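The structure is given below, and queries will be raised subsequently.
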Amino acid sequence: MHDIRLIRDNPHAFDAGLARRGLAPLSAEILAADAELRALQTDIQAALARRNEASKLIGQAMAAGDKDKAEALKAEVAALKAALPAREEAERAQLAALHDRLAALPNLPADDVPDGEDEAGNVELSRWGTPRSFDFTPLEHADFAPALGLDFETAAKMSGARFAFLKGPMARLERALGQFMLDRQTIEAGYTECATPLLVRDDAAFGTTQLPKFREDLFQTTDGLWLISTSEMSLTNAVREQILAEADLPIRMTALTPCFRSEAGSAGRDTRGYIRQHQFWKVELVSITRPEDSDAELERKTRAAESILEALELPYRKMLLCAGDMGFAARKTYDLEVWLPGQNAYREISSCSNCGDFQARRMNARFRREGGKGNEFVHTLNGSGLAVGRTLVAILENYQQADGSVDIPAALLPYMGGITRLTPLG
């Protein structure tokens, strides 16, 4: 959510930020609506002040025996009172319209975010690991993983496309991945493990910006609750409508949850395999910080995600997203892309973003500095640490063997109960 005061103070900078997002200038339109709202508010305040003044004058006129003046004042008070509901309704309507207009606009990119319209404008910052040299042609996971227990056909019979039914050691491996990630993020990166609701209300989905823009990407229950598309929704909203103590910051939270996405805008993309599912597991990393700490926190968070890939010995590259490719709420984003030999390509496995105070304004999440006056909005950050299903895919493709089996990465062996390799199910 944008601060209208910043738009008033520097409309040109606001329009420049929108332009970097590929949007037309809107400051003039927004400021005109803001001026209309303030005029309505001034009119209401003036009417209330005059009503109070006239009410006092009635008593004075009565005391002076001036009945005509008293009656005229009574009529004026009655007229002011009668007109007030319409004025207040006009104010509410204008306030709602301005709120909705601002809520529909994305966050503005940070100064160090590169310009660009789409993923072609993203900047590769670094690479880690050397892709494995195979002595056979590596396959995409969709071509060999079903024999190992990644069953798409059974899932399709009961749920349709973009679902999977995992069996035996394959299911154990996915569970091991989630537990391994949680252990790393809590023990080594200092995140507090949380178990969150999987269903949230409208105001929570609005706070983390899934609503209203991404309504079509969510699943909604018949009683109006929304299935979370990421536990960012529930973790970040843990501080909504709160005033935190400065000493309590930063807050770092993590959760391993199933996530649910309709993938309404992904028709025809990744229709094979386990890359893009309606239901998937993910470890989310959320941070709540002071404004001056959020840039460093983004680096720390991204490093925590990178450490998982390195522990699993999965080659990856780090990308700085351009302004046109960032998510709606982000002011700066790093993507981590893991190497998939079966696709001969790097694919996104984690996205780590600094949202500044954009979500905090929507949630009214603030903090008070020690010895300070007034409250400030916190900064919120989120990132995947990691997407479990995509990490499973990366292991399947990078650790596949010529006979169709898959070796278990050394880091996961303590979680696998003695299983060292996935082999075709009998």
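Numbering starts at 1 and runs along the chain as displayed.
Glycine is treated like the rest: Cβ placed from N, Cα and C.
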Going by Swiss-Prot, Thr230, Ser231, Glu232, Ser384 bind L-serine; tell me which of Glu174, Glu284, Glu337 is listed for that site too.
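It is Glu284, as the record lists it for that site.
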Please give me the CB contact count at 10 A for Ser231 (L-serine binding site), counting all chains in the structure.
26
Among Thr230, Ser350, all listed as binding-site residues, which has the most CB atoms within 10 Å of its CB?
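Going through Thr230, Ser350 one by one, the largest Cβ count within 10 Å is at Ser350.
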Out of the binding-site residues Thr230, Ser231, Glu232, Ser384, give me the one sitting nearest to Arg261 (ATP binding site) by CA distance.
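Among Thr230, Ser231, Glu232, Ser384, Thr230.
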What's the CA-CA gap between Ser350 (ATP binding site) and Ser384 (L-serine binding site) in angstrom, rounded?
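The separation of the Cα atoms works out to 5 Å.
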Determine, from DSSP, whether Ser231 (L-serine binding site) sits in helix, strand or coil.
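In three-state terms, Ser231 (L-serine binding site) counts as coil.
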